[in-house]
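Enquirer: Just lifted these from TrEMBL, have a look:
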type     : residues         : note
TRANSMEM : 9-26             : transmembrane segment
DOMAIN   : 66-279           : domain 'Peptidase M48'
BINDING  : H132, H136, E203 : Zn(2+) binding site
ACT_SITE : E133             : active site
TRANSMEM : 143-166          : transmembrane segment
TRANSMEM : 178-198          : transmembrane segment
Amino acid sequence: MLNNWLKTTLLMAAIVALFGAVGMAIGGAGGMLIALLIGGAVNLWAYWNSDKMVLRMYNAHEVGPHEAPEFYAMVADLARRANLPMPRVYVIDEAQPNAFATGRNPENAAVAATTGIMRILTERELRGVMAHELAHVKNRDTLISTLSATVAGAISSLAQFGFLFGGGNNNERSVHPVVQIVIMILAPLAAMLIQMAISRAREFGADRGGAEICGDPEALASALNKIEAYARGVPMDAAELHPETAQMMIINPLAAGEGLTGLFRTHPATEERVRRLLALARVI
């Protein structure tokens, strides 16, 4: 676990460094300082508001014991097993089967599931999925994934600003114009790759943690296989509009899939996740 946190910390530091590099490319040392200040402000705003923003993006509606009694009771039972405060529970009216967790800490967490996932999974499989999401809450992955998504998006916006408005006059530039262009092209791509690496590093831990919470690794493995098979043919419009949130989902929701190489995966390969869960089932 310590190694996982160290890797995540280094990756987050790399994203912040990229933010500063884009600022320097646009406006030299002053631009770098301004960019880092903006990055800090963005992170502070994201810390307090990102959960509300993501839930609005997906038009999620909160449910309680009266609106969704069985689902709410399931989450409540799993939260007790995980020694977590009761999170807010949301349902998203989407055909694609998927789920995610958000919130800055366990005391302010929320879990959300689509109507599609409730329709295709058995109760046992759905327990495995929601246990996975609560493991993200317990590991505080929700804060890390939100901050990485927000800063990665800010880097892209800053680079676009640089292309539109240039990097100042020649006397102000401390970076060669060609280097400026290269940085503004490559920094958003690098930020995206780092963000995906952060996501992949956290998913295996949430799979294991979720299996331990529900006590049924095979149920989560079965759910992952089923979600992967169904999600491929069902688009999720909100995820396509906000691809930076794809890494929050239990399975990649984007129609383009996971890319041609491991570098472009928002999640570890489902086959590997299932293999590890089945191996865990033999020792639990």
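Every residue, even glycine, has its Cβ placed from backbone N, Cα and C.
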Enquirer: What number of additional C-beta atoms lies within 10 angstroms of the C-beta atom of E203 (Zn(2+) binding site)?
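Expert: Other Cβ atoms found within 10 Å: 22.
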Enquirer: Fill in the CA-CA distance, E203 (Zn(2+) binding site) to E133 (active site), as an integer in Å.
Expert: 10
Enquirer: Using a 10 Å cut-off, grab the number of neighbouring Cβ atoms around the Cβ of H132 (Zn(2+) binding site), all chains included.
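Expert: The answer is 28.
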Enquirer: How many other Cβ atoms are found within 10 Å of the Cβ atom of H136 (Zn(2+) binding site), counting all protein chains shown?
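Expert: Within a 10 Å radius of the Cβ of H136 (Zn(2+) binding site) lie 27 other Cβ atoms.
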Enquirer: According to DSSP, does H132 (Zn(2+) binding site) fall in a helix, a strand, or coil?
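Expert: Where H132 (Zn(2+) binding site) sits, the three-state DSSP reduction gives helix.
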Enquirer: Sorted by position, what residues of the same chain at least six away from E133 (active site) have a C-beta under 8 A from it?
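Expert: Listed in sequence order, they are A99, F100, A101, V111, A206, G210, I250.
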Enquirer: Tell me the coarse DSSP state (helix, strand, coil) of E203 (Zn(2+) binding site).
Expert: helix
Enquirer: Other than H132, H136, E203 themselves, what residues in this chain have Cβ atoms within 8 Å of the centroid of the Zn(2+) site's Cβ atoms?
Expert: A101, E133, A135, D141, R202, G205, A206, D207, G209, G210, I250
